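Here is what TrEMBL says about this protein:
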TRANSMEM  43-62  transmembrane segment
TRANSMEM  74-95  transmembrane segment
TRANSMEM  166-186  transmembrane segment
TRANSMEM  217-235  transmembrane segment
TRANSMEM  247-276  transmembrane segment
TRANSMEM  282-304  transmembrane segment
TRANSMEM  324-347  transmembrane segment
TRANSMEM  367-388  transmembrane segment
TRANSMEM  395-413  transmembrane segment
TRANSMEM  419-440  transmembrane segment
Amino acid sequence: MAWAVGAVVLVVAAVIVPHLFDVGFRMRLVAESAPLFGKFRLHAGPGTAPALVIAAAVVLWGPALARRLPFGRLVALSSAVLFAWALSLGTVAGWQRFATKLSGYDQYLHEVPGARADVGAAVRDFARRIPDYQPDSWTVHVSGHPPGALLTFVGLDRIGLGGGTWAAVFCTAVGASAAAAVLLTVRTLGTEEIARCSAPFLALFPGALWLAPSGDAYFAGTAAWGIAALAVAAVSRGRRAVGFGVLAGLILGWAIFLNYGLILIGVLAVTVLLIARNPRPLLSAVLAALAVVGLFALAGFWWLDGYHGVVLRYYQGIASFRPFAYWGWANCAAAACAFGVAGAAAIGRVPGVLRSFRRPLLGTPAALIGLVTGAVLMLVAADLSALSKAEVERIWLPFTVWIAAGGGMLWYGRGIVTARAWLAAQAAGALLVAHTVLIYQ
């Protein structure tokens, strides 16, 4: 409970502190609703009623269903509910805002026509076009990510799913599938019971506010499935272990070409292998990931060139004057808005797991907190890099979804009333932000 209260205090402090300084300081934050990226505006819309209904349904019936549904159905239902929850929250400000978020001048879809005309040239010239102030510099979101993100939207366009609406639905759906991937990972490494306890917390993930829609939702879902495949490899033997190791490597290899920050997913991958106490899948996974790197290199894009270019581009823009003295800790407040008070309470369980790490975690409920530990380490590393000053409530979705799953530990071995209380707190926080902050991308 203390960690949950601490998270609330941190968020309140991050909201108040900018107003203790002058207008110049607040302008340098480039976030009117700091620590979140958006602006304060009380509003409601077509998504309000569905969001309230979904929240009430999960709070009232989610824990009971989590205990009695067949596990496969529970996994599918959790992702379906998360998709509906995200879609509802994403349309509180109106359907048009949801459908056009990814088609603005600074977004991925802006560059699709040019890239589609010559995909090979787009990949070959990708790193050169990252820095700003060139006639053909990539737009903000394309320049800030490796070419895999842009290529995904080019692919959607080529199969007839072009435009902002299809892109928004695709990203939201893949992001919502992270719930299924996380549940399967938790059951594989922990127990089915603790995975069942996590299901309602994933279905009501507060970070759904930034799933609908954002490219980062797609990145989060992709990375989660890579980790799920690695978990299966880590507890398997023979061809099955090799096969899932290769699959994990291919997915995670693709993930680092969607988002440079997902190189940190390696921390969670190592956590999985430590929980399983089995390093063998590392070989097949790394070789498969290197194959993805090699294919991009043959196509003309070297990941490190892109990374150095994006660091340059980052400090050519607003990051050069956003103060790390504020964002260094306010980022954690923004992340707390995504994983919620239940996620914060789960982080409070981490020290206990670390103290007992000599004991096996595989096949125990504590494996879930082991995964939360890995996610927290990724988050801390990303924060200390100073390459994420603001907007992390969206950017860190690949990390925060794992922390939110830790809410399952809060009612493990306890009654449904406990689960309902924590779920109500999760929903209340998400609904408050959805109706008081007009979220930017």
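Backbone N, Cα and C define each Cβ position, glycine as well.
Because TrEMBL annotations are produced automatically, they should be read as predictions rather than curated entries.
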Surrounding residues of the transmembrane segment (217-235) on its own chain - C-beta under 8 Å, 6+ positions past either end: 86, 149, 152, 170-172, 174-178, 181-182, 184-185, 188-189, 210-211, 241-245, 247-248, 251-252, 254-255, 258-259, 262, 265, 268-269, 272-273, 275-276, 278, 281, 284-285, 362, 397-398, 401-402
Range from 367-388, 395-413, 419-440 with the greatest count of C-beta pairs under 8 A to the transmembrane segment (166-186): 395-413
Residues from the same chain, set at least six apart from the ends of the transmembrane segment (324-347), whose C-beta lies under 8 A from its own: 1, 3-4, 6-8, 10-11, 13-14, 17-18, 29, 34-36, 201, 205-207, 209-210, 369, 372, 376, 379, 383, 386, 388-393, 396-397, 399-401, 403-407, 409-410, 422-423, 425-426, 429-430, 433
When counting Cβ pairs under 8 Å to the transmembrane segment (395-413), the leader among 43-62, 282-304, 367-388: 367-388
Residues of the parent chain within Cβ reach of the transmembrane segment (367-388), under 8 Å, 6 or more residues beyond its termini: 185-186, 189-191, 194-195, 198, 261, 264-265, 267-268, 270-272, 274-275, 311, 314, 319, 324, 328, 331-332, 335, 346-347, 349-350, 352-354, 357, 361, 395-396, 398-400, 402-403, 405-406, 408-409
Residues from the same chain, set at least six apart from the ends of the transmembrane segment (43-62), whose C-beta lies under 8 A from its own: 81, 84-85, 87-95, 199-200, 203-204, 419-420, 423-424, 427, 430-431, 434-435, 438
